[in-house]
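Asker: Just dropping this structure here.
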Amino acid sequence: MSFRKVVRQSKFRHVFGQPVKNDQCYDDIRVSRVTWDSTFCAVNPKFVAVIIEASGGGAFMVLPLQKTGRIDKSYPTVCGHTGPVLDIDWCPHNDNVIASGSEDCTVMVWQIPENGLTLPLTEPVVVLEGHSKRVGIITWHPTARNVLLSAGCDNVVIVWNVGTTEELYRLEDLHPDLIYNVSWNRDGSLFCSACKDKSVRIIDPRRGQVVAEKEKAHEGARPMRAIFLADGKIFTTGFSRMSERQLALWDPENLEEPMALQELDSSNGALLPFYDPDTNVVYVCGKGDSSIRYFEITAEAPYIHFLNTFTSKEPQRGMGWMPKRGLDVNKCEIARFYKLHERKCEPIIMTVPRKSDLFQDDLYPDTAGPEATMEAEEWVAGKTAGPILISLREAYVPTKQRDLKVSRRSLLQDSRPAAAPSAGLSATHPSAMSQSAATPAISVSAASGVWTGLAPMPEQGVLWVGGLIGASLSSLAGLQGR
């Protein structure tokens, strides 16, 4: 008799989520009440940023990760916008730089001091003005330094060079209606967008063209999302005609039919997908839900495999997502969320239970590091490259962060070769990086991790030897007694 496999084998089947203890949460934060489907939270290995309620303008709070507990009402904020802040995003190549988009139609880029704020920050490093309506979407280019994309309610997408404060590309006629979200692919050569006209578009910003388009990706009228996966496929969340929430997987080569389509439930909160390219796991969080569902994407049908659900009592107002290099590899942590309540930010840790204390190679393949692959000039000139990968085997020690420097020189009108660095970007050129990278760095955290793992061994050895000595003494005493 042949037994059919009922349960699919997966190392992520037993992933479990666990909220941290109360004293490790960030309490007394007045989370923004703006009716915009943003995550309201952005996280990196140094800071957690949360959009908050602010009178007379827009503000967000930036807290060092270790500053947990009750946050004082007088704690300084980033408060340069004149309208509510709608979206924030940390620069992937500099952990001290964050961009924000607001209802005041501007995009601002901020430099956060190394140890966090001690005074309110009102002066941004860069103000980018080009949208005629509120700016609701901000996302940095994954591999090119200082390249930032913004999308506004004027249905315009603008790609900026933050280093020179100029518009690189202005995409005006590609979206006939409100843009719900934008997602770069792995190497930043394309991005996909979800629009209120129910279409998902794949766009090449350097050519200003729609490469592929799927009309009515989801039939429902409620907001949907689209994100690029590592292999170039597209994962979407949306609603059916009967207002049931759906997930779908699409092949850009053939957008006629989805590769997979699943219906979840009939709640009305927009589904926000978070994707881990190293493990091919998608985490889906619904606005107003109290759960996080996670799915594994594979190359074999049915492609989308439900893994499990993390459930809590309180609904989530927003959600932050920690990059892989900020996780604790010693605890087999594969994801960390920062769940926003009405007055609190609560970290939730996702771990894979393992008996061994050794580094788990299969859970932590090389991941995208914080070094940019190329300069903005090279990307404009047509260069395409994937992210520079780093190993998490040793606790990663990043190079010293550089301040964001701005030069007003126009990049597109410059007759010099595209790969030459500008004056404002010279400090961030790879040649300068290679010198700093060549300097050996001792990883204190890695060393402490090793010692922690080895600490019990000497004690056990002493006990064992002590046991032998005790046994030999007792045997000698016995012999003498005879």
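We number each residue from 1, going along the chain as drawn.
Every residue, even glycine, has its Cβ placed from backbone N, Cα and C.
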Asker: When TrEMBL marks a stretch as region 'Disordered', which of 17-42, 199-224, 303-328, 407-432 is it?
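Answerer: That would be 407-432, the stretch labelled region 'Disordered' in TrEMBL.
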Asker: Could you pull out which residues elsewhere in the chain have a CB under 8 Å from any CB of the repeat 'WD' (78-112), counting only those six or more residues past its ends?
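Answerer: Residues 32, 34, 36, 38-39, 41-47, 49, 51, 54, 57-62, 120-129, 131-140, 142, 145, 148, 150, 152, 160, 162, 323, 368, 370-372, 398, 401-404.
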Asker: Based on DSSP, tally up the residues of the repeat 'WD' (78-112) by helix, strand and coil.
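Answerer: Residue counts in helix, strand and coil order: 0 helix, 22 strand, 13 coil.
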